[in-house]
Each structure stands twice: as C-alpha cells, then as structure tokens.
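> Here it is: the structure, laid out below.
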C-alpha cells in the first residue's frame, strides 16, 4: 500500500472514530424525585459526562452529572443537603445502590482523614 492508500485508510478510520464517538451518550439511572429504588435509565445530554448516586438520610438521588462537580461541596450545594454520601462514575448505568454502599464518599470519612493526617505527619517528623 502506497502513501495514497495509507492516507485513504487513515481518513476512513478518522471518520469512523468521529461517528462512533458522537453517537454514544452516557446512560445513567435518573429519577426526578429522590427514591430508594430508581430504575429509570436515561441517555444523558452531552453536557453530562458522569452518573451520580447520593444518599442523604432516607433520600437517594440518582442523576446525570458533570464529573467536574463530583466533589462534596458541589454535590451538597446543588442537592441542598448538608450530610450525604455520594458516588460518581463514568460508565453506563453505574449509579446504583450497591455502588454507593461499596465506594461512596461521606463527610465522616473525609473528616477522619483530615484530622488524622496532621498527627501522623507530626509523629513522623518527631521520630528519630
């Protein structure tokens, strides 16, 4: 295959890559009201690149989300909840209850980590 054939092949692969990428949107469980057993799957708009599941007391939120907003401050502000556990992910239908129980991030875990880290650093620096 000469240079011209290689260019044609490269062009075809590039076109296929663009069409394959643009045709898929992330699927998430998304329920308008908090519910413990959300089974409604939606194709998220291109504005959203992550799925979110959040538990705040008895409320469970399943939503399409922006990955850049997958942090405690943004989640609590946008959902208007003060104490919660959340889990963000970037695969289709990954925001289900078991994920939250296995890998969620809660305020208490972060607080403990923030309190323990300086003490460990101080102890390490005092060690002869």
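Backbone N, Cα and C atoms are what each Cβ position is placed from, and that goes for glycine too.
So Swiss-Prot has the following annotated:
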- 28-51: disulfide bond (DISULFID)
- 31-38: disulfide bond (DISULFID)
- 44-64: disulfide bond (DISULFID)
- 70-88: disulfide bond (DISULFID)
- 89-94: disulfide bond (DISULFID)
- 26-108: domain 'UPAR/Ly6' (DOMAIN)
- 66: glycation site (CARBOHYD)
- 76: O-linked glycosylation site (CARBOHYD)
- 77: O-linked glycosylation site (CARBOHYD)
- 102: GPI-anchor amidated asparagine (LIPID)
- 1-25: signal peptide (SIGNAL)
> I need the CA-to-CA distance for residue 76 (O-linked glycosylation site) versus residue 38 (disulfide bond), whole Å please.
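With the alpha carbons as reference points, the distance is 20 Å.
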> When you measure from the Cβ of residue 77 (O-linked glycosylation site), which residues in the chain that are at least 6 apart have a Cβ under 8 Å away?
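Listed in sequence order, there are none.
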> Output, ordered by sequence, the same-chain residues six or more apart from residue 88 (disulfide bond) with a CB under 8 Å from its CB, or 'none'.
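In sequence order, 50, 51, 52, 65, 67, 70, 95 meet the Cβ cut-off.
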> Where among the disulfide-bonded residues 28, 44 do you find the Cβ with the fewest other Cβ atoms within 10 Å?
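Across 28, 44, these disulfide-bonded residues, the one with fewest Cβ atoms within 10 Å is 44.
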> What subset of the recorded positions 31, 38, 64, 66 lies within 10 angstroms of residue 94 (disulfide bond) at the C-alpha level?
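Taking 31, 38, 64, 66 one by one, none has a Cα falling within 10 Å of residue 94 (disulfide bond).
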> Specify the nearest of the disulfide-bonded residues 28, 31, 38, 89 to residue 64 (disulfide bond), where nearness means the distance between Cα atoms.
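Closest by Cα distance to residue 64 (disulfide bond) among the disulfide-bonded residues 28, 31, 38, 89: 28.
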> From the DSSP assignment alone, can you count helix, strand and coil residues within the domain 'UPAR/Ly6' (26-108)?
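Reading the DSSP string over the domain 'UPAR/Ly6' (26-108) gives 20 helix, 27 strand, 36 coil.
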> Taking just the CA atoms, what is the gap between the residue listed as 'glycation site' and residue 44 (disulfide bond) in Å?
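Just about 10 Å between their Cα atoms.
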> Between C-alpha atoms, which of these disulfide-bonded residues comes nearest to residue 38 (disulfide bond): 28, 44, 89?
28
